[in-house]
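Features of the protein shown, as given by Swiss-Prot:
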type	residues	note
ACT_SITE	LYS131	active site, charge relay system
ACT_SITE	SER206	active site, charge relay system
ACT_SITE	SER230	active site, acyl-ester intermediate
TRANSMEM	11-31	transmembrane segment
Amino acid sequence: MAPSFTARIQLFLLRALGFLIGLVGRAALVLGGPKFASKTPRPVTEPLLLLSGMQLAKLIRQRKVKCIDVVQAYINRIKDVNPMINGIVKYRFEEAMKEAHAVDQKLAEKQEDEATLENKWPFLGVPLTVKEAFQLQGMPNSSGLMNRRDAIAKTDATVVALLKGAGAIPLGITNCSELCMWYESSNKIYGRSNNPYDLQHIVGGSSGGEGCTLAAACSVIGVGSDIGGSIRMPAFFNGIFGHKPSPGVVPNKGQFPLAVGAQELFLCTGPMCRYAEDLAPMLKVMAGPGIKRLKLDTKVHLKDLKFYWMEHDGGSFLMSKVDQDLIMTQKKVVVHLETILGASVQHVKLKKMKYSFQLWIAMMSAKGHDGKEPVKFVDLLGDHGKHVSPLWELIKWCLGLSVYTIPSIGLALLEEKLRYSNEKYQKFKAVEESLRKELVDMLGDDGVFLYPSHPTVAPKHHVPLTRPFNFAYTGVFSALGLPVTQCPLGLNAKGLPLGIQVVAGPFNDHLTLAVAQYLEKTFGGWVCPGKF
């Protein structure tokens, strides 16, 4: 399946166009972008901001800390830092303070024991942020689409309602890429989010506002969604934890756009947080009845796990080469697991991984059980009503008149070219099924796979336009339908986060979550921005 000469020429032209657009974007950034005295926010000085969600909930239940003090500490941090990172795009501070006061009042009036409180409200009083694509009652729900700028959520998305029911207090909603289909979080309504480790770098997408908000200690737990890496890339670029659950476990209802048909299975809603110990409790709440499909209470003996690893995709001509920093960091993990933990570690070469992008496109090209074609992106741009001409929007964009971002215009222009014919779909569907079987057989119920999160650390703004296919390092596991936990592994020499994906077989999420906690203890986990 070597790429044809025509395919190589098309790729070259696409990258050349992306490079030119990137130059325009960088020039705009230099000439008219926001200026800050520092390239990172100030380090955290408030101790309450350095506690996990579980720790905060325990202190609040024990009445050792007032909920209103916790919420106020986060509001103060947001006011100080958010103007730099633009992670939270709409606050609900007044409502949050009222809800915090109600928690304190409830604890003062009712003398329920700690165990009862934990069982009823495991996240009692814990600050929460929510990706803007999810419905949070009374808040905007546009997904960065100008046509939906006046859309206000009348109800809560299912996962938001579950977390609120568990006691969490939403502070606001966070930025995303337009229609959640690009890996830089920027749109015409809210603007662009910036990486707290270096404001000139991206936060990832589409849950990028959530990633930078958590990394900058403006929140402690958050909600994201992932159909190609939209939880994992922001978690990686911002040095936090994120989990893409096994498909079908966590309800997706109440987000826009909501995947339908064959794609519905691949859209996964999941937790994002700074501390690994919050992942499993969040997942238990967010999954609702679906949690029965997982084994989160099963004790994991890490030494008995089988670890497999691969340092790159095998040489796809579409993707960038993996940075040496990331390869060396992965090897440090491998050496530690083998020599210190004493686990079984094996290097593997899965040859079909080099077709990662093609497998993701095949997933997005799949027809539903009713035979219907997938929803067209250009129809989403028009919010299923307004006709949108991608070519005309490109001309308008060049004149500074379009209400759409260039990645969205580009995708609308190219989607018919990208969408596979039935013959091509069947070819790559067979590859996907073969690779999935190979991985599932290899992993069994006691194996995990370590794989790069992305070929590079967080790139500078606009650079993704020149490397549009690099997301496939995460996208492939969406196509394969496997659970993945994104884990931070410190910072590189320039102060940007390093990390790794930990993959398991279907419904073995408990394995990747256990490995995440171990890696956090061993390699330090989240690093506060501004301390580098």
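In case you wondered, yes, glycine gets a Cβ from its N, Cα and C as well.
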- Query: Taking the Cβ of the residue listed as 'active site, acyl-ester intermediate' as centre, how many other Cβ atoms lie within 10 Å?
  - Reply: 36
- Query: Which number gives the other C-beta atoms within 10 angstroms of the C-beta of LYS131 (active site, charge relay system), all protein chains shown included?
  - Reply: 32
- Note on the structure: Across every protein chain in view, the count of C-beta atoms other than its own within 10 A of the C-beta of SER206 (active site, charge relay system) is 33
- Message: To the nearest Å, how far is the Cα of the residue listed as 'active site, acyl-ester intermediate' from the Cα of LYS131 (active site, charge relay system)?
- Response: 11
- Rounded Cα separation (Å) that holds between LYS131 (active site, charge relay system) and SER206 (active site, charge relay system): 9
- Could you check what DSSP calls LYS131 (active site, charge relay system) once collapsed to helix, strand or coil? strand
